[in-house]
Amino acid sequence: MPFRVEVLNETSGGARLTPERATELCRRAFVERGLDPERMGELSVALVEPEVIHDLNLKFRNKDAPTDVLSFEVDGPYGEMVGEIVICPGCAEMDLEELVVHGALHLSGMDHGENFEASEMARVQKRVMEAVRGR
């Protein structure tokens, strides 16, 4: 099964992300991390409202506040499902494409701790964004 990303937009706003662009962004993030996306299967990106991501953040991270992006690994046979990235465009400080890459990097095993700007993850994210934007 070739790597692909499904996009589910549950927002009332004008957030736009095509499955093709989401696939390109995630593929580039995984390749940057030395992973072979073609062996990974499927990933989903859900665009949600602030109250939805707030509930998820409370349930899974015990944080009683909305956030911009959450990533969830999905256990399953290798090559079927990688996980889900949940993004709240209304809570975002980064742009939508950066949040997709950010979520994919979390799924690849990266973390940034409390200081994102000083992290290796921030440097990798910047390289990926420069590559996909042709800079």
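Each Cβ is built from the backbone N, Cα and C atoms, and glycine gets one as well.
Per Swiss-Prot, these features apply:
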type    : residues               : note
BINDING : His102, His106, His112 : Zn(2+) binding site
Listed binding-site residues (His102, His112), ranked by Cβ neighbours within 10 Å, top entry: His102
Reduced DSSP assignment, His112 (Zn(2+) binding site): coil
Same-chain residues at least 6 apart in sequence whose Cβ lies under 8 Å from His106 (Zn(2+) binding site): Val69, Ser71, Ile85
Env. residues of Zn(2+) site, Cβ within 8 Å of mean position of His102, His106, His112 Cβ: Val69, Ser71, Gly103, Leu105, Met110, Asp111, Phe116, Met121, Gln125
